[in-house]
Amino acid sequence: MRHLASALSYSMGGLRRLMAETAFRHELLGAAAAMGGLALAGAGAGALVGQFVLLCGLFAFEAVNTAIELVVDRVSPEFSAFAQQAKDLGSFAVLAMIFANVAWASFSLWGALVG
């Protein structure tokens, strides 16, 4: 039980750190818009659960991307090609999840409105 409490404490610390990231706060606004829009359009439970799962994936990718940036900045404070590549790859992973979220939300919204 103590391990679970410690893990939860570390996770909440990660969430607090992530809240300091402007990109994450923008993603939270997008998440609220997507979930709210789908709910208002009358999307089914499957569409809402699917969107929620994709959003959790996006938030996880953003957390990993932030961790990559923190480590790279610590290891290589000056410019280096490997540091830039690591940051670019993390950024691309987040972008791919944003595309997946937009595609799912658009498809689900279309289905709810036209369906």
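From the backbone N, Cα and C atoms, a Cβ is placed for every residue, glycine too.
The ATP site recorded in TrEMBL includes Tyr10, Glu69, Lys87, Asp88, and the single candidate from Glu21, Glu78 that the record places there is Glu21. From the candidate list Ser6, Ser80, Ser91, the residue TrEMBL records in the substrate site shared with Ala23, Phe24, Arg25, His26, Glu27, Glu62 is Ser91. Counting in whole angstrom, Glu69 (ATP binding site) lies 10 from Ser91 (substrate binding site) by their C-alpha atoms. According to its DSSP assignment, Arg25 (substrate binding site) is helical.
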